[in-house]
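*Asks:* Quick one: this structure, given as structure tokens, is what I'll be asking you about.
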Amino acid sequence: MISSSPYMRVQRKTSELMLIVCCALVPGIIAQIWQFGYGVIIQLALAIVCAYFCEALIQILRRRNPFIYLKDNSALLTAMLLAVSIPPYSPWWLTIIGVSFSIIIVKQLYGGLGHNLFNPAMAGYVLLLISFPVLMTSWSPAAELLPNQLSITQAFDIIIYGFTQDGFSLRQVLSIDGFTLATPLDAFKTGLDQSLTSSEIIQQAMFDSWGPKGWNIVNLAFLLGGLGLILSKAIRWHIPVSFLLSLSTLTLLSQIIAPDQSVSLSIQLLSGATMLGAFFILTDPVSAATSNKGRLVYGALIGLLVFVIRTWGGYPDGVAFAVLLANICVPMIDYYIRDRVYGYQK
Amino acid sequence: MTNFAAIANNGLWKNNPGIVQLLGLCPLLAVTNSTVNAIGLGLATMVVLLASNITVSMIRTKVTKEIRIPVFVMVIAAFVTCIELLMNAYTYELYLNLGIFIPLIVTNCIIIGRAEAFAAKNTVKAAAFDGLMMGLGFGLVLLILGMVREVLGAGTLFASMDLLLGDWAKQLEIVVYQSDHKLLLAVLPPGAFLVMGFLIAAKNAIDKALESRSKPAVILEPINHNEQT
């Protein structure tokens, strides 16, 4: 216990809190289905079934009643976070491997909910990203760029068999007009490597005047859900605000220093997992810092790391790596930054 | 009299240098990304351990206490140099694969540890057997790690064994599964830590199961009241 008395508690059970967070994800998920196709639904279903199965398996192995632990909804949340993070048309086994790793190894082997050092969804994501870089970096283009979206049966065939019934692979179906399956952040990095300036890169079809097409809508939807979380007091404002502030400050600074090589603020904030991360992933109560000042430091640290990884790193999006690195720092943050003990002068 | 069964049990299971003493973790985790690398380093370590244990045991009465550590290190370094040159000559590609980890056998704590803790206090015969068993225990852990990681990360088993055994060994390769996408993490350093963790857990689980089985069953004898009254 790091914080001091009086322990003012919100009278909410863990399961209720988890459920609120899951509900707050819904606007983002709807936006993602709208922009990136029905694959998202299938991935969600796969991930949730797999997460509940793994959770029950471990509880049975530990000779506990699985139904009590399944009801805390934490497996549901982990599954949903991972399912919206991976590319919507990934093969089924990718989701299964990621979710099993998250639940069994990252969460349960460390002692279950409340004992995990790392954010389970992000550790699962990093496992997949390191192991299967090609699959994990090929996102489908946004709806606006595609002549016709895949139907739900086509999406199902692609995910389960790897081909549609007509025998086309994902790449053949989606890159008709020569669109690559790169994410906007990826495209930006490739563009810079080809010594284009940032104003030339955002002339590409995948960028709008306000951020990357499709991604900006999804990110705004996650922002909406996140604001709902803060208003319903499910999370505190400290982590998202300090994260977004530090990321924005660094982006603006880099634009002053090197305007031709740096990502604009709208792209930085509205692409990749920025908003999902800010409100849903960083705020995981188990693996984040526990005091309010600590939370500010934690958020700012992740903002810095995301900026560094996106700018100089080998992987296009850095939220998952940044979160895991900051998770490691949490014990130190909690050790040095504590709230003043009630009734004592500093 | 020395108890050879106890020495063997110590080296292979109870005090296994790899999964119980956790010594030599750096080479253990670094080179076990394929079976052939694992066997190569395992054999090299075993030979050095055997030779250094014998030598240290032979000179144990001549070396004074004050200078024993430098002497042991020189003995070990000499054998490592021999192994390095031999591997350079006969298994050149494997030598390149293992790279810095062959010269680093000198600093492997298992070897100086056994020299100090066992060979310097025991007869040549016992020391030799201890070196062999400790080396074998370490080698087996390397082998299991190497096999698991190779199957997970590359989908093959015993690939490129010809680097160690000559051309005939090319047939040994077994393709376990074929895919464009393999679990790359298993052959990278994090995979080593994960598989190692599971190995240690398995060892502890087996020990626990054995312990609960060998515990004498408590027999509740009915108290004979008649005798007392």
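Using N, Cα and C of the backbone, Cβ positions are placed for all residues, glycine too.
Sharing the record's features from TrEMBL:
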{"type": "TRANSMEM", "residues": "A:17-34", "note": "transmembrane segment"}
{"type": "TRANSMEM", "residues": "A:40-61", "note": "transmembrane segment"}
{"type": "TRANSMEM", "residues": "A:68-86", "note": "transmembrane segment"}
{"type": "TRANSMEM", "residues": "A:92-110", "note": "transmembrane segment"}
{"type": "TRANSMEM", "residues": "A:122-140", "note": "transmembrane segment"}
{"type": "MOD_RES", "residues": "A:THR183", "note": "FMN phosphoryl threonine"}
{"type": "TRANSMEM", "residues": "A:214-232", "note": "transmembrane segment"}
{"type": "TRANSMEM", "residues": "A:239-257", "note": "transmembrane segment"}
{"type": "TRANSMEM", "residues": "A:263-283", "note": "transmembrane segment"}
{"type": "TRANSMEM", "residues": "A:295-313", "note": "transmembrane segment"}
{"type": "TRANSMEM", "residues": "A:319-337", "note": "transmembrane segment"}
*Asks:* Between the transmembrane segment (A:92-110) and the transmembrane segment (A:263-283), are there three or more CB pairs that fall under 8 A, provided the residues in each pair are separated by 6 or more in sequence?
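*Replies:* Taking Cβ pairs at least 6 residues apart, the transmembrane segment (A:92-110) and the transmembrane segment (A:263-283) are not in contact, as fewer than 3 fall under 8 Å.
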*Asks:* When only pairs 6 or more apart in sequence are counted, do the transmembrane segment (A:17-34) and the transmembrane segment (A:68-86) reach 3 or more Cβ pairs under 8 Å?
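*Replies:* Contact between the transmembrane segment (A:17-34) and the transmembrane segment (A:68-86): present.
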*Asks:* Can you tell me which parts of the same chain pack against the transmembrane segment (A:239-257), counting only residues 6+ beyond its ends and a CB-CB cutoff under 8 A?
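*Replies:* Residues packing against the transmembrane segment (A:239-257) from afar: 226, 230, 263-265, 268-269, 274, 277-279, 282-283, 288, 295-304, 306-307, 311.
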*Asks:* In the same chain, which residue numbers or ranges, 6 or more beyond the ends of the transmembrane segment (A:40-61), come under 8 angstroms Cβ to Cβ?
*Replies:* 29, 32-33, 69-70, 75-76, 78-80, 82-84, 86, 88, 90, 92, 95-96, 98-100, 102-104, 108, 112, 152, 155-156, 159
*Asks:* With an 8 Å cut-off on Cβ-Cβ distance and a minimum sequence separation of at least 6, pull the same-chain contacts of the residue listed as 'FMN phosphoryl threonine', or say none.
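*Replies:* For the residue listed as 'FMN phosphoryl threonine', the qualifying residues are A:THR137, A:TRP139, A:PRO212, A:TRP215, A:SER271, A:GLY272, A:PRO316, A:ASP317.
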*Asks:* Other than its close neighbours in sequence, what residues sit by the transmembrane segment (A:295-313), given a CB gap under 8 Å and a spacing of at least six beyond its ends?
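*Replies:* Residues 185, 236, 238-247, 249-251, 254, 262-263, 268, 272, 274, 277, 282, 288-289, 319, 321-323, 325-326, 329-330, 333, 337 contact the transmembrane segment (A:295-313) from elsewhere in the chain.
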